[in-house]
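A short worksheet on the structure shown next.
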Amino acid sequence: MKEKIVLAYSGGLDTSVAVQWLIDKGYDVVACCLDVGEGKDLDIVYKKALDMRAVECHIIDATKEFSDEYVSYAIKGNLMYENAYPLVSALSRPLIAKKLVEIAEKTNSVGIAHGCTGKGNDQVRFEVAIKALNPSLKAFAPVREWAWSREEEIDYAIKHNIPVSINHDSPYSIDQNLWGRANECGILEDPYAAPPEDAFDLTNALEETPDTADEIILTFDKGIPVQIDGKTYELDDLILTLNALAGKHGIGRIDHVENRLVGIKSREIYEAPAAEVILKAHKALETITLTKDVAHFKPIIEKQFAEQLYNGLWFSPLTDSLKLFIDSTQQYVSGDVRIKLFKGNAIVNGRKSPYTLYDEKLATYTKEDAFNQDAAVGFIDIYGLPTQVNAMLHGGYSNEQ
């Protein structure tokens, strides 16, 4: 009896070729395809996997789990790698790995294969996650082993009658889920080349966006968006709704050269319409609901959390601890944020919360001012005391020092 290997199957170029490659190596292939909100026709993927001679194909709808257990932390933690990338692909990898391990254990498979290259981050994310969840499972990386160029891989697919929606004129590598869309390869590898419009799918070009703005009110409950204009949504449905609305206005396009975990720089084109709107609104709500010390310290945790995710360390003691901290900060992050969507911009122009720490009577400069300005003299004396003592000892500060 042949040994079984579970393959993370997307129906795309890499994993379609990988099925044939693993069969040639003498394994039975158990294909596994997860829906994490990318809108793919899974019936076609299922049929394609079996047509490629996989012995089984498991289709798993994990969209809600993805939104509730993973995207929720991206929102509460304002997670952005290098202050630019909302972790679109990185966020889904631990969940995909978790489901692959479950299928491998259920089918008595000896290992798990993925379609990642040897130059990318995903190979690390998948294999480290698999080791964390079940160290006895082997990891297989067909694309890394065969080391073909993109063009050679396309030629192999054509030669073996493997149907793939890719050609030499448009050789993009695309990954999409509920939280956004990532695109690389082809002309995008030149960091000076402007991305052609066919590189985008979720967002309109600015020239094609409406000339009238949409203004929405996004309601949060403990850091999670729950309503748009008073209508309640499950998180996954809310994100899909915002993707369509914000994408119509050209919001969420990101052109970023990032520092990969494996040591190289990579130019990526991301589309994350809902993510841009939600994160801007969430940050705005935090400005009135977090204390100063938490507001100043939380970005340090956010940066570390984003790097943990980007580097494939979701299943780790540190990430568990970071999640606990993030959760503890969100108890009072509830309220409404008003956002204007127009010509590629998501503009926050109002926020309110029943837990607001903003006191208008203290902030105002009108006659209703409740701030005791006389107290400022004593505060300045105490606050400036170390500076005063230093100046008295050393004769005052000068530019020469």
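Note that Cβ sites are derived from N, Cα and C of the backbone, with glycine treated the same way.
From the candidate list Gly111, Gly115, Gly118, the residue Swiss-Prot records in the ATP site shared with Ala8, Tyr9, Ser10, Gly11, Gly12, Leu13, Asp14, Thr15, Ser16 is Gly115. Cα to Cα, Tyr85 (L-citrulline binding site) and Thr117 (L-aspartate binding site) are separated by 20 Å. In this structure the alpha carbons, written CA, of Asn121 (L-citrulline binding site) and Asp14 (ATP binding site) are 15 Å apart.
Fewest other C-beta atoms within 10 Å: among the binding-site residues Ser10, Asn121, Ser173, that description fits Ser173. With respect to Cβ neighbours within 10 Å, the binding-site residues Tyr85, Tyr270 differ, and Tyr85 shows the lowest count.
Using the Cβ center of Thr117, Asn121, Asp122 for L-aspartate, the list of other same-chain residues with Cβ within 8 Å runs, in sequence order, Cys116, Lys119, Gly120, Gln123, Val124, Arg125, Val262. A distance of 19 Å separates the Cα atom of Arg125 (L-citrulline binding site) from that of Gly12 (ATP binding site). Rounded to a whole number, the C-alpha distance linking Thr117 (L-aspartate binding site) with Asp14 (ATP binding site) is 9 angstrom.
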